[in-house]
Amino acid sequence: MSTTTTDLQDEIDTLEGSHDDHHHGPEKGLMRWVKTTNHKDIGTLYIWFAFSMLLIGGAMAMVIRAELFMPGIQLVDPQFFNQMTTLHGLIMVFGAIMPAFVGLANWQIPLMIGAKDMALPRMNNWSFWILPFAGMMLISTLFMEGGGPAFGWTFYAPLSTTFAPDSTDFFIFAVHMLGFSSIMGAINVIATIMNMRAPDMKYMDMPLFVWTWLITAFLLIAAMPVLAGAVTMMLTDRNFGTSFFDAAGGGDPVMFQHIFWFFGHPEVYIMILPAFGVVSQIIPTFARKPLFGYSSMVYATASIALLSFVVWAHHMFLTGMPIAGQLYFMYATIMISVPTGVKVFNWVTTMWRGSMTFETPMLWAVAFVILFTIGGFSGLMLGIAPADIQYHDTYFVVAHFHYVLVTGALFSIIAAVFYWLPKWCGNMYNEKLAKIHFWWAVISVNVLFFPQHFLGLAGMPRRIPDYSLQFADFNMISSIGGFAFGASFILLTYIIVDCIRNGKPVKEDRVWDSAKGLEWTVATPAPYHTFDNPPSKKVILEESSHIGEH
């Protein structure tokens, strides 16, 4: 393995040699960001891009909650309302959560495995710069004749083929580009982790964030081409006279759902596995204990990844599936909760009798464990086929996946930013403000999403701009929580910018006294180039002692 590593390092030196930044730090000005092949710069670009998309997607969510504040058509045209729900979903999934995790991967994976950079630095640059153009193309559909896509983020045929606006072709192209970027990012992560670990680092010495990303990258490579196939068939159905999803020509609209969810279910695990990795880094640090059950965490992550490909039709219990199919998908779905439960119990056991302190990253991580578990339980309910007949396409589903994606994925991203930001920029954020923001966000997000469980159980359907009078109270509560949660991001933006611009400089390399991992052995702020010489076996063993296997 070490020879491969050396070859790759030489290759990187050659590539980087074409830039004058290799020994003298970054270029100045705008071109530094356009041409950069440095993993830290690219990680920063991804995270800022994700944050700007989060704000755009959040603004769309505010439109949705404003419209649903009271019954009746209040503020926007129903067709525009559906454009908002569709683009809110697409932007948050493909523009905010996924790029944020790729940004964290870019920043942290080389630092955590003792590598100089990512394995494919130029491809890294390219896979980022595709994203802003894809994002702009997606948003531009709103300004085209006939409006943007209004068929939900799952874009079921025939609504997205026969009955969709012309702008749908731009949406298809944007999705293609986003998928392209993800696949390249995944190849890069796999190549980096497999070939560029410090020579003495074994797989079972890797931090869990690196493990979860390695497994996520394989999921991306397996799932993304399926999405590309689905949107390509949509494209030909719309423009070239094929009938993949048109029963009149011998096709089948239900086939679209199978293809979409065969991508879509692994996709939701692509968004949560790196979150598991982040939480597995943070909890041992602030509990001042090794992570409990390191190897079981690795195997649980792999089990979740494998099972994620065999449960897709639990999204389709109401499509007229045979009873045998419903039974199989029900049992397979419930089986996924076993490795997930292993993870939750391991986090709780890591905290058990630890010397815990509750700095901001730990608060977000603990909130993640509690609230993600609520989302997991409602998912278990949805997996039960006869019960799902009641829950399907109601606000119960909306509540479920927002508990998993907001209090799960998004909370872990915020936790990761607070955890690593002092190492990235060399300044400490304002702890008092950060804690105020935490409580503001965590209370408001529950006011926002918890009542939606009740709305769903009472029968309120998803994706509607108007609703019956009996749903008015919970919708008003939910909207108030939504506006408060949205406003909390103004404070978050201030905290982060304030930290970078005029935070208190951090003196120690090990920002958190009990943090373990190679990223805490480099200077603070992290130098532009790190690990020119790979870390020694002794350092690796000391820093992986959080693993508890040595």
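We count from 1, first residue shown onward.
Cβ from N, Cα, C; glycine included.
Note: TrEMBL annotation is automatic and uncurated.
The compositional bias 'Basic and acidic residues' feature in TrEMBL is assigned to 16-27.
Annotation source TrEMBL lists domain 'Cytochrome oxidase subunit I profile' at 27-538.
According to TrEMBL, the feature region 'Disordered' maps to 1-27.
Residues or ranges marked as transmembrane segment in TrEMBL: 45-66 (among others). Nonlocal intrachain contacts for the transmembrane segment (45-66), taken as residues 6+ away from its ends with a CB within less than 8 angstroms of a stretch CB, comprise 33, 36, 74-76, 81, 84-85, 87-88, 91-92, 95-100, 102-104, 106-107, 128, 131-132, 135, 139, 410, 413, 417, 448, 478-479, 482-483, 486, 489, 493.
As annotated by TrEMBL, transmembrane segment applies to 86-107 (among others).
Cβ atoms under 8 Å from those of the transmembrane segment (128-151) belong to residues 34, 42, 45-46, 49, 53, 56, 79-80, 82-83, 86-87, 90-91, 94-95, 99, 159-160, 164-168, 170-171, 173-175, 177-178, 180-181 of the same chain, restricted to positions at least 6 beyond its ends. TrEMBL lists 128-151 (among others) with the feature transmembrane segment.
The transmembrane segment feature in TrEMBL is assigned to 171-196 (among others). Residues of the same chain lying 6 or more positions beyond the ends of the transmembrane segment (171-196) and with a Cβ under 8 Å from any Cβ of it are 1, 4-5, 8-9, 90, 94-95, 98, 102, 105, 109-110, 113, 115-116, 118-120, 123-124, 126-128, 130-131, 133-135, 137-138, 141, 148-149, 155, 206, 210, 213-214, 216-218, 220-221, 224-225, 227-228, 231-232, 234-235.
Residues 101, 104-105, 108-109, 112-113, 155, 157, 160-161, 168-169, 172, 175-176, 179, 182-183, 185-187, 189-190, 193-194, 242, 244-245, 256, 259-260, 262-264, 266-267, 269-270, 273-274, 276-278, 280-281, 291, 294, 297-298, 301-302, 305, 308-309 of the same chain, all 6+ positions outside the transmembrane segment (208-235), place their C-beta atoms under 8 angstroms from a C-beta of that stretch. Marked as transmembrane segment by TrEMBL: 208-235 (among others).
Residues or ranges marked as transmembrane segment in TrEMBL: 255-279 (among others).
Sequence-distant contacts of the transmembrane segment (291-315) (same chain, six or more residues past either end, CB-CB distance under 8 Å): 204, 208, 211-212, 215-216, 218-219, 222-223, 257-258, 261-262, 264-266, 268-269, 273, 276-277, 280, 283-284, 321, 325, 329-330, 332-333, 335-336, 338-340, 342-343, 346, 349-350, 352, 382-383, 385, 388, 546-549. Annotated transmembrane segment per TrEMBL: 291-315 (among others), in sequence order.
Tertiary proximity for the transmembrane segment (327-349) is limited to same-chain residues at least six positions away from its ends with a CB under 8 Å from its CB atoms, namely 276, 279-280, 283, 291-293, 296-297, 299-301, 303-304, 307-308, 310-314, 317, 321, 369, 372-373, 376, 379-380, 383-385. The feature transmembrane segment is assigned by TrEMBL to 327-349 (among others).
The transmembrane segment annotation in TrEMBL covers 361-385 (among others).
According to TrEMBL, the transmembrane segment annotation covers 397-421 (among others). Within its own chain, the transmembrane segment (397-421) has Cβ neighbours under 8 Å at 47, 50, 54, 92-93, 96-97, 100-101, 104, 107-108, 268, 271-272, 274-276, 278-279, 281-282, 285, 359-361, 364-365, 367-368, 371-372, 374-376, 378-379, 382, 391, 427, 429, 434, 441-442, 445, 448-450, 452-453, 455-456, 462, 492, 496, 499-500, 512, 519, counting only residues six or more beyond its boundaries.
Residues or ranges marked as transmembrane segment in TrEMBL: 433-454 (among others).
Annotated transmembrane segment per TrEMBL: 474-497 (among others), in sequence order.
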Averaged across the domain 'Cytochrome oxidase subunit I profile' (27-538), what pLDDT does the model get? Just tell me the whole number, please.
98
